[in-house]
Amino acid sequence: MNTFPTNESKETLFALVSPEEELPQPSSPPKKTAWKICGSNYPLSIAFIVVNEFCERFSYYGMKAVLTLYFLYFLHWSEDTSTSVYHAFSSLCYFTPLLGAVMADSWLGKFRTILYLSLVYVLGHVIKSLGAVPIIGGHLMHTVLSMVGLFLIALGTGGIKPCVAAFGGDQFEEEHVKERSRFFSVFYLAINAGSLISMFVTPMLRGDVQCFGGDCYALAFGVPGMLMVLALVVFALGSKMYKKPPPEGNIVAKVSKCIWFAISNRLKNRPSEIPKREHWLDWAEEKYPKQLILEVKALTRVLFLYIPLPMFWALLDQQGSRWTLQATRMNGNMVLNPLLVLIFIPMFDLGIYPLVKMCGINLTSIRKMATGMILVSLAFAIAATVEIKINELSPHQPGGKEVYLRILNLADDEVKVSLMDYHNNSLFLDPIKPFQKTTDHSKMLLTTESQHFHFQLQYHNMSVTSEHILEEKNRYSLVIRADQSGVSSILVKDMVTSTANGMAAVRFINTLDKDVNLTLSRDVSLSVREDYGISGYKTLERGKYHHVQCRTEDKDFSLDLGLLDFGAAYVVAITNSSDQGLQAWKTEDISPNQMSIAWQLPQYILVTAGEVMFSVTGLEFSYAQAPLSMKSVLQAAWLLTVAVGNIIVLIVAQTSALVQWAEFILFSCLLLIVCLVFSIMGYYYIPVKPEDAYNLEDKCLHIKENARNLVTKKTKL
């Protein structure tokens, strides 16, 4: 029977205070007088940290705002490649925090980790900006510089992310819990202020400024790089004011070894005769100090509580993907979330939370986070309702054995169209007038997936028959043109749905006898062949296009396309009339988006309120509940839940066969279930209080003072 020998039990009785293994020194640095803000309990040092965070977030989000466009129009990658690299970079930025946290807590300390990785961050911006200068190398050089720059940026931004928030919390005395909690609100405010401003500024730098003969991507990346330099300078200026807790050694290795020893020791001593211990980590007492075991207990309790949290981020981060795609199918454009965060944080801190407290409700951190989950779940239920309404107003798509057909008469007189071999010969009853605008397509039923049809065109006193093939699930336009023999027809496929990005789509029919070159915007130009050449669709930003520059081999002219609206698709015929000259005749293939984007406002209000209650509270909770030696590590674990949430979205998007509104409902229900589980877990969670840490340190100091006497007693035994 595997039991402890008698001499072993005597030996382990005082193992904690043996002369060979001395107790660790308390990790708290010596206290020094800190400068305060206007006589308050807020250290002046946090001002440098908040400004640093604002500049860093401006730098990060400003660079990301033009990153996809850079991939598409500078590196000339496909949309799939650009999207994949963009999301790979974003995911890497949420995995590198673990590396930064280990460096801070185990080796360099938070201050030096932030300082050194900020230098790496700046270097990444410099290399990324050089990769956007056309005169430096070729396409391969630009690609290599871009990838190296992005890797260094991901290492820098991810590495400092858990350290900055924890370092800001370190500046407060433990008795100033209220002030520290408000600091995390201001910290989150700085994050969203930096991201909001940068998302407006950097796209303007790219599009409105010309350099090297095109869009100035070098400047659009360079300005965020300069903001990161400013962030580094501001952070370094506060050096003498900071409290700088020293690193605790390789804390990750200590924790891992402690957990492994506790598990292995328990497995070795399973007989029923051995007394049970209160906690499974207590089986590490034979080898590790009590203080380390208590800290590991606190860490594992919080990490266990984090298990359900990725589902919240899985919903929240869909604002930048699913909700953005929903907005592209609506009429309008707006940036809501960062703006609402700037409004809601002071509203909650100064208004709602005090009001709830006055009503006698104890809104703990766990309850705030659970309430945030419920609000986000409701937001997705509303998003599902909006999605259903959008589907009702969207153009109908032809199904199996169905096609939609319309007639565009570009001849100089009306034409009567008949289908000779179709059961519904009265499909087009009235003659089609020249340049008659219509957005309505007539629905036709096929007998097979692809079917031949004979169209009879009656023009003046002649009749012309032409044959065309129609395939199911498509929309077509039959273009009638005048020629020397009378009239003829051209069958072209139309767009089936609105553009995926909410932009306007336009194509051209050139009725002239010369090729026409058109410049629609700085990035979009095309050429249309002579004699009824038909171009492909080009997508453009929504706007008024009154002076589109055109050129033939012997003449320059401009066309007035008017307003190209959200989600609409147009066909424009370039014509030449004797009395009006060269002009554009425009008609709609697909009508503009019908539903106003204002319908998204309720879901954004709810999701932002949920984000403020969950994310800001979670930041403060992660700091407050972390042991002194593991502040950065627990912040990194908090950020890791964001990365796992994005992976959940990716898995559901790739495997789910549900329509979008049903997927929204699925996510809403899943978060409600997770909220229930989290609430039950939170009910049994015992939060760590600041005085507990003090009591622990005092006990350890007291034990150490009496260590000599204990050793003497052990010798007597």
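Glycine is treated like the rest: Cβ placed from N, Cα and C.
Annotations in TrEMBL come from automatic prediction, not curation.
As annotated by TrEMBL, transmembrane segment applies to 58-78 (among others).
Per TrEMBL, the feature transmembrane segment maps to 84-102 (among others). Among residues of the same chain six or more beyond the transmembrane segment (84-102), those with a C-beta under 8 A of the stretch's C-beta atoms are 60, 64, 67-68, 71, 77, 113, 117, 150-151, 153-155, 157-163, 252, 632-633, 635-637, 639-640, 642-643, 646-647, 650.
Here TrEMBL flags 114-137 (among others) as transmembrane segment.
Look at TrEMBL and you will find 143-164 (among others) tagged as transmembrane segment.
Long-range contacts of the transmembrane segment (185-205) within its own chain (CB-CB distance under 8 A, at least 6 residues past either end) are made by residues 46, 49-51, 53-63, 65-66, 165, 168, 216, 219-220, 223-224, 227, 335, 337-339, 341-342, 345-346, 348-349, 612, 615-616, 619. Per TrEMBL, transmembrane segment is recorded for 185-205 (among others).
What TrEMBL lists as transmembrane segment is 217-237 (among others). For the transmembrane segment (217-237), the residues of the chain that approach it from at least six positions outside its boundaries are 48-49, 51-56, 58-60, 62-63, 66, 69-70, 74, 114-115, 118-119, 121-122, 125-126, 128-130, 132-133, 198, 201-203, 205-206, 209, 211, judged by C-beta separation under 8 angstroms.
As annotated by TrEMBL, transmembrane segment applies to 298-316 (among others).
For 336-356 (among others), the entry in TrEMBL reads transmembrane segment.
Summarising the annotation, TrEMBL assigns transmembrane segment to 368-386 (among others).
According to TrEMBL, the transmembrane segment annotation covers 636-658 (among others). Within the chain, the transmembrane segment (636-658) has long-range Cβ neighbours (under 8 A, six or more residues past its boundaries) at 87, 90-91, 94-95, 97-98, 100-102, 158, 161-162, 302-303, 306, 309-318, 321, 618-619, 622, 666-667.
The transmembrane segment annotation in TrEMBL covers 664-686 (among others).
A Cβ distance under 8 Å defines the sequence-distant neighbours of the transmembrane segment (58-78), meaning residues of its chain 6+ beyond its ends; these are 85-86, 89-90, 93, 121, 125, 128, 132, 139, 142-143, 146, 153, 157, 194-195, 197-199, 201-203, 206, 215, 217, 220-221, 223-225, 227-228, 231, 523. Below 8 A, the CB atoms of the transmembrane segment (368-386) and the transmembrane segment (114-137) form no more than two pairs separated by six or more positions in the chain, fewer than 3 in all. For the transmembrane segment (336-356), same-chain residues at least 6 beyond its ends with a Cβ under 8 Å from one of its own Cβ atoms are 182, 185-186, 188-189, 192-193, 195-196, 199, 319, 363, 600-601, 604-605, 607-609, 611-613, 616. Long-range contacts of the transmembrane segment (114-137) within the same chain: residues 56, 59, 63, 70, 74, 100, 103-104, 108, 143-146, 148-157, 159-160, 163-164, 167, 212-214, 217-218, 220-222, 224-225, 228-229, 231-232, 235-236, each at least 6 residues beyond the stretch ends and with a Cβ under 8 Å from a Cβ of the stretch.
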